[in-house]
Amino acid sequence: DLNLFGVLSSNVRMDFLIQFVHAGALHNNKGPKSQDAYHGRSAMLRCEAGDPVAVLYRWLHNGVPVSDTERRFQAGSNLKFLAVDRILDSGIFQCVAFNNATGEEVRSANTSFNIKWLDSGAVTLQNPASEADIESSSPVTLRCNIDGHPRPTCRWFKDGVQLTDATAHHHINNKERTLTLPKANPDHNGLYYCCAKNPAGQTCSKFNFTLNITDKGYPKPVISPEDLVVMKNEEAMFHCQFTAEPLPTLEWYHDTELITNKSRLFIMSNGSLFITQVKPRNTGLYKCVGKGPKGQTVTLKASLHLAELEDMVSRMSRVFTANSLERVSCQPPRGTPEPEAWWEHGGQRVATEGRVYQDGLDLVFSPTKGEDSGLYTCVAQNKAGQKKLDLTVTVANGSEIPPRVKQNAGLLLFSKVTRDDAGNYTCLASNSMQGEIRAVVQLTVAVYVVFKLEPENTTVYQGHTAILHCQASGDPSPYIQWKKKDKFLDATRSRFHKMPNGSLIIYDVSIEDTGSYTCIAGNSCNIGHTSAELYVVEKPVHHALEVEKTPYKMIQTIGLSVGAAVAYIIVVLGLMFYCKKRRNAKRQKGNEGDEPEMQHLNAGGQQNGQTTAEIQDEVSLTTMAATGNTAKRYSSHDKLHFPRTNLNTITVLGKGEFGEVFLAKAKADEIEEETVVLVKSLQTRDEQLQQEFRREADMFAKLSHANIARLLGMCREAEPHYMILEYSDMGDLKQFLKVCKSKDEKNKVQPLSTKQKVSVCLQVARGMEHLSNQRFVHRDLAARNCMISSKRHIKVCALGLSKDIYHSEYYHYRQAWIPLRWLPAESVFEDDFSTKTDVWAFGVLMWEVFSFGELPHVSMADDQVLEGLREGKLKMSPPQGCPSRVYKLMVRCWAASPKDRVSFSEIVSTLSELPSESKV
């Protein structure tokens, strides 16, 4: 009697369950329920009938039976979704249970998914209709087309920075997902994108919108500065330009400090920032700031770094057995910029394929052979130079050990070691069970350190240079260090320098340098040391006090001097009367021709009381003897007097031995136009330098040639004294050549053709020919001391910016600063200067012109250049694109013997004969 009873009415069917349910009866025990689901994620609708016996289940979707697919299928009585689809799975689901035994069918209540989803979209322009309709100061509305359920919240970004909800510059409507710029202008230019999120997740726009509004009143970058890496004391230039109407102002900042024109750092007329000699303090962040009549300032940034390359381990060794696969890795040192590294063998790069090859930074032997023994070098290089690591590879060849070396139970016994015993020895051990094993050892035969030259006790004057010699021999070659008392000397300090042979040089010694110096030499065998004392004393000064103590001697000296002068005058007057008497006697006799004595007196024109034939010595630019008497010199300077008030300083170019060198505008009177001139000031108190300044002025006053700068005037009425020289509008030749070398299209200077380079050299040669014919020696001829005009006209000058811009091109040697890379050996080591010295320098100048201002021997340090000059091994390869005939002329200028060098007249003749076409 246990049955399921149902009461039917016209509209409602009610199922009810008696307490005892028949096994074959159906009722909906667990029906599916509506639930939340996420688009793209899994879900399940559950259905279960009570006491199911032979019950079949099926599902309906919007009244249509559900068919199984890979995404959605029936699992038992449940409907499983691997990935809910917000479109395909929307609507009503029902579970239907059917009893095969009774034919009864039960349907669940309607159920559905609340599908949550989020779809990405693009940022589009909503107002105005098109980008072409966007105008400055007009409203612009962007829409974020990201949609989802429930409605997502939206965030807006410009150039990666989130925009706040509401400001005076923009409005955000979260409901409509729009961004409005009420008065869009160039300050709003940038990349706009949006991001949105809801319970289904978060996403950002796939396609973004770039706003680019043009307004001529807003500053717009034309050229942006780029990051630079340079060597210490090299020059650096940052290019930066903005455009606007009217033209915007431009400022440069180093970190936060405003940059103003200085001797080594100045802003050019085109906005570029030029640093003549980069020091560590000049590194950092540089900002170029443009300010226009409208809008915000625009800031462009670039960094400046010094090229650096750390040291590598100097040497390592590896011992390999033959026929094995071996790999050696080379780790390059840290550097700026990132160094490149490679392996070399026998001076050549190791190939990337073959039996011995390099794989990235690894040197691979596949397999090793006896012929692989030798020296391999890992080379790391960047702009700062090269560092090398030497690898000694030894491959054991398996040869028998010599008979005099005994073996005893695994021990190898050498009764008396010789150099021939050095090498690699392989110990082999084997048995029948495990086979063979090997161990390789290297035997190095060393020689004790022995001093070949020991330092001696030395006494020097304060301010002079002290040299303590120390040389040692041994195998391996010993390493030498110096120690004062208990402290090792830092050889990198400017005053202390250790020579390659071990000797110690101390420049500009002081009383504090007095003491005991120890030379320590050591290798893997032993360490030896030897000491010497250095005494620094003050140089004695001869006072006039001694003269005051001996007035009688002074009176005696004056008397002798006056007596000699009177005697000289009497002799001269006597000779004059004698010659006059002889001349009158000859006239009376009526004889024709001159007496032999007369012919001898007229044999040559006189100059300063000497016959021209007797004048053999040439006069140096910086050490020429003053000619004429003092009254004449001052009278010539009086003629060149120029009022100091008529000079208006433009900018400082740099600093030399005498003082500052600057450009100024000079105006002689109200009628004449202003002229740009070069002014050298005398600011030093050194009497010798003051004398050199006057002598240099005398020289330029006496030279008159189209290719030599003229002395225009002198200011001597007050200190500092000024020397006013001609100036060419393109500045010095060195800077002009370096600008020509730049491939940057921003530079308006046209590069020099081969024909123009020859013309530059020819003009310098003509000027130097005139200078040498007047018995002068320049002593510092280089591209930096020549000027060039916009018409490519050259003038030899003497800017002498040795203390500032071109400090790195001078070398401190024997208490003087010399242009080492432009001088021959006799000038450096013997202080011998002549016209042939200038010929050598002219050859280097020609090399500068054809290499576009490259520093001679740029890959060598000053000490290496000095050593190369000493050994006579210094050579310069031809610059790229240099004609062979021009290079041969350079080589003739660099002859080791001054007698073998060409003259300036020959140089002028040779350059004049070169063909006129550009390919010489």
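Just so you know, glycine gets a Cβ as well, placed from its N, Cα and C.
Per TrEMBL, these features apply:
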{"type": "DOMAIN", "residues": "40-112", "note": "domain 'Ig-like'"}
{"type": "DOMAIN", "residues": "121-210", "note": "domain 'Ig-like'"}
{"type": "DOMAIN", "residues": "219-299", "note": "domain 'Ig-like'"}
{"type": "DOMAIN", "residues": "323-394", "note": "domain 'Ig-like'"}
{"type": "DOMAIN", "residues": "446-535", "note": "domain 'Ig-like'"}
{"type": "REGION", "residues": "587-611", "note": "region 'Disordered'"}
{"type": "DOMAIN", "residues": "647-914", "note": "domain 'Protein kinase'"}
{"type": "BINDING", "residues": "654-661, Lys680, 726-732, Arg784", "note": "ATP binding site"}
{"type": "ACT_SITE", "residues": "Asp780", "note": "active site, proton acceptor"}
{"type": "BINDING", "residues": "Asn785", "note": "Mg(2+) binding site"}
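Where TrEMBL records a feature, it is marked here on the structure.
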residue : record                       : Cβ within 10 Å
Gly654  : ATP binding site             : 22
Glu657  : ATP binding site             : 18
Glu660  : ATP binding site             : 20
Glu726  : ATP binding site             : 18
Asp729  : ATP binding site             : 11
Asp732  : ATP binding site             : 25
Asp780  : active site, proton acceptor : 22
Asn785  : Mg(2+) binding site          : 23
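Put simply, Glu726 (ATP binding site) is 18 Å from the residue listed as 'active site, proton acceptor' when counted between their Cα atoms. In the three-state DSSP scheme, the residue listed as 'Mg(2+) binding site' falls into the helix class.
Asp732 (ATP binding site) and Asn785 (Mg(2+) binding site) have their C-alpha atoms 7 Å apart, to the nearest angstrom. Calculated from their C-alpha atoms, the gap between the residue listed as 'Mg(2+) binding site' and Asp729 (ATP binding site) amounts to 14 Å. Taking residue pairs at least 6 apart in sequence, the domain 'Ig-like' (446-535) and the domain 'Ig-like' (219-299) share fewer than three C-beta contacts under 8 angstroms. According to its DSSP assignment, Glu657 (ATP binding site) is coil. The domain 'Ig-like' (219-299): residue composition by secondary structure is 3 helix, 37 strand, 41 coil, according to DSSP. Asp732 (ATP binding site) carries a strand DSSP state (E or B).
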